[in-house]
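Participant: Per TrEMBL, the features are:
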type     : residues                                   : note
ACT_SITE : A:His399                                   : active site, GMP-histidine intermediate
BINDING  : A:Asp151, A:His232                         : Mn(2+) 1 binding site
BINDING  : A:231-235, A:343-344, A:375-378, A:399-402 : GMP binding site
BINDING  : A:His261, A:His343                         : Mn(2+) 2 binding site
Amino acid sequence: MNTSTNYLINSEELMSLGYTPGRAFGIALRVAHKHEHLGKEVLLAQLADVLATPEAYLTDAVCSKLAAALIDEASIPEDAYIPLRDAGADYAIYGESHIEAGARTQMAVAMQLPVTVAGALMPDAHQGYGLPIGGVLAVENAVIPYGVGVDIGCRMALSIYDIPKAFFETNQAQFKRELIAQTRFGAGHGFKPDERADHAVLTDAAFGMNPFVADLKDKAWAQLGTSGGGNHFVEFGIIEFAEGDPALGVPAGTYVALLSHSGSRGLGATLAGHYTKLAKELCRLPYEAQNLAYLGLDSEAGQEYWQAMTLAGDYASANHEVIHRKMAAALGAEVLAKVENHHNFAWKEQWNGQEVIVHRKGATPAGKDVLGIIPGSMTAPGFLVRGKGETASINSASHGAGRQMSRTQAIKTISHETMRAQLKQHGVTLVGAGLDEAPMAYKDIHTVMAAQTDLVAVLATFTPRLVRMADDGSRED
DNA sequence: ATGTGC
């Protein structure tokens with residue numbers, strides 16, 4: 001994904017040929033990279049010629065796609081693009097010193113959209129696609145598919161069991177068995193036909209909203225109750241309430257709890273891809289803002305996306321419900337309390353006396369007295385929090401610690417021995433996961449929490465003990 | 001994030 005590494009022909013050279021940033025520009029860079037064996041001079045001459053007469057290259061084995069993109073771009077008049085504002089409004093940043101520059105650049109562009117009302121960057125923010133992860137954007141009467149993200153409705157769910165810590169510690173083998181038996185991980189994975197779960201979401205009329213969505217229902221059913229890959233997990237841990245919480249109905253004390261993190265699987269990903277593509281066709285923005293293409297809420301496409309997003313959110317919730325339902329039944333556990341919050345979604349909310357659409361892409365809703373879960377890492381605590389309703393953060397907080405290292409960097413620099421030692425030191429048993437999910441790849445959650453004391457108050461601390469994540473190819477054992 | 005690509 002990192003396209004900036006040692007290309008024979010770089011962006012500046014392309015620009016000196018007369019290429020301008022856009023889709024064709026990216027294709028030209030890739031063509032040049034793929035055919036480096038031709039040598040720099042030959043490539044530069046060829047790229048200049050394609051730019052001058054793209055029509056002559058429409059059937060060329062190497063440059064046909066580049067030629068088509070150039071013709072396509074030239075056919076769009078300058079004034080077909082929706083202009084950005086010259087200067088974007090200011091936005092609040094929490095924990096700025098730990099946020100990478102790329103995330104701030106993306107947020108600055110988002111602030112220039114003509115529909116933008118307000119924005120904020122959470123302390124776990126990092127660069128994403130369109131809106132940064134950890135970005136919050138309030139807009140007027142529009143929705144941005146990539147402001148929600150690919151994993152629509154991705155969320156945290158916590159079940160607090162009436163099980164003492166001591167019982168967990170003497171029966172860990174049983175908890176581990178059930179963790180493996182009741183959960184499914186891995187990209188593309190679902191349940192076999194005779195293992196499929198049932199849930200009311202499968203009867204949601206929104207599955208019939210159009211043939212495209214209807215086609216996704218069978219896979220959604222197979223994946224109901226699964227967790228997927230990446231940073232998703234299901235884990236047992238110990239949750240400590242220093243004080244009782246009357247609203248939740250949990251007295252002060254220490255309990256065993258189940259915490260899950262996952263989203264809407266293939267269903268949400270397919271819907272996100274489909275509606276982002278549609279938004280890009282209907283909302284032509286300048287190159288740097290193209291991934292922020294928006295749909296008017298009053299438009300047919302906007303209403304369709306909203307309905308699809310709502311379905312994906314309900315489906316993501318059902319996924320967690322199935323996991324938690326199965327686990328409680330398998331353990332014979334009584335659930336004292338449940339907390340759930342999504343952190344990739346768009347909401348209709350009041351902000352500063354005005355109705356806005358708030359996009360939270362990797363940000364926890366933190367309106368006044370709203371409960372949320374902010375996970376740390378597999379060896380660092382997560383927190384059950386209560387929102388303070390801070391206007392400047394648009395009633396939001398971070399959705400975790402955030403990455404300190406990229407996946408590739410983590411795989412390169414962290415050893416299996418180091419990771420094993422870290423897990424052992426914290427008394428954590430891990431099933432699955434690769435080095436890219438090593439705890440050292442994440443920021444210090446305490447630093448992140450310290451940056452958002454104005455946004456949330458901590459109600460309880462959750463310490464992971466038995467963690468399951470997707471297997472990954474880099475594992476050696 | 002996602003079972004499949006510029």
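The backbone N, Cα and C atoms fix where each Cβ goes, glycine too.
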Participant: Taking Cα-Cα distance, which of the recorded positions A:Asn231, A:His232, A:Glu235, A:His399, A:Gly402 are within 10 Å of A:His343 (Mn(2+) 2 binding site)?
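Facilitator: Checking each Cα against A:His343 (Mn(2+) 2 binding site), the hits are A:His399.
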Participant: Do you see any of the binding-site residues A:Asn231, A:His232, A:Phe233, A:Glu235, A:Met378 whose C-alpha is within 10 Å of the residue listed as 'active site, GMP-histidine intermediate', and which ones?
Facilitator: none
Participant: Restricting to the binding-site residues A:Asp151, A:His232, A:His261, which ones have a CA within 10 Å of the CA of A:Asn344 (GMP binding site)?
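Facilitator: Final answer, ordered: A:Asp151.
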Participant: Calculate the distance in Å between the alpha carbons (Cα) of A:Gly376 (GMP binding site) and A:Asp151 (Mn(2+) 1 binding site), and round it to a whole number.
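Facilitator: Spelling it out, the Cα of A:Gly376 (GMP binding site) and the Cα of A:Asp151 (Mn(2+) 1 binding site) are 20 Å apart.
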Participant: Considering Cα atoms only, can you say which of A:Glu235, A:His261, A:Met378, A:Gly400, A:Gly402 is the nearest neighbour of A:Asp151 (Mn(2+) 1 binding site) among these binding-site residues?
Facilitator: A:His261
Participant: Could you tell me the C-alpha distance between A:His232 (Mn(2+) 1 binding site) and A:Met378 (GMP binding site) in angstrom, no decimals?
Facilitator: 11
Participant: Across all the protein chains here, work out how many other Cβ atoms are within 10 Å of the Cβ of A:Gly402 (GMP binding site).
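Facilitator: Within a 10 Å radius of the Cβ of A:Gly402 (GMP binding site) lie 25 other Cβ atoms.
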Participant: 10 Å Cβ neighbour count around A:Met378 (GMP binding site)?
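Facilitator: Taking all protein chains shown, A:Met378 (GMP binding site) has 26 Cβ neighbours within 10 Å.
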Participant: Which one, from the recorded positions A:His232, A:His261, A:His343, A:His399, has the smallest tally of other C-beta atoms lying within 10 Å of its C-beta?
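Facilitator: Looking at the recorded positions A:His232, A:His261, A:His343, A:His399, the Cβ with the fewest others within 10 Å is that of A:His232.
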Participant: Same-chain residues six or more away whose CB lies under 8 A from the CB of A:Asn231 (GMP binding site)?
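Facilitator: The list for A:Asn231 (GMP binding site) reads A:His261, A:Gly400, A:Glu437, A:Met469, given in order along the sequence.
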Participant: Including all protein chains displayed, how many Cβ atoms other than that of A:Gly376 (GMP binding site) lie within 10 Å of its Cβ?
Facilitator: 23
Participant: Far apart in sequence but close in space: which same-chain residues, 6 or more away, have a Cβ under 8 Å from A:Phe233 (GMP binding site)?
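Facilitator: Once residues fewer than 6 apart are set aside, A:Phe233 (GMP binding site) is near A:Ser227, A:Leu259, A:Ser260, A:His261, A:Ser262, A:Met378, A:Ala433, A:Val467, A:Arg468, A:Met469.
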Participant: Give the number of CB atoms, excluding that of A:Glu235 (GMP binding site) itself, located within 10 Å of its CB.
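Facilitator: A 10 Å sphere around the Cβ of A:Glu235 (GMP binding site) contains 25 other Cβ atoms.
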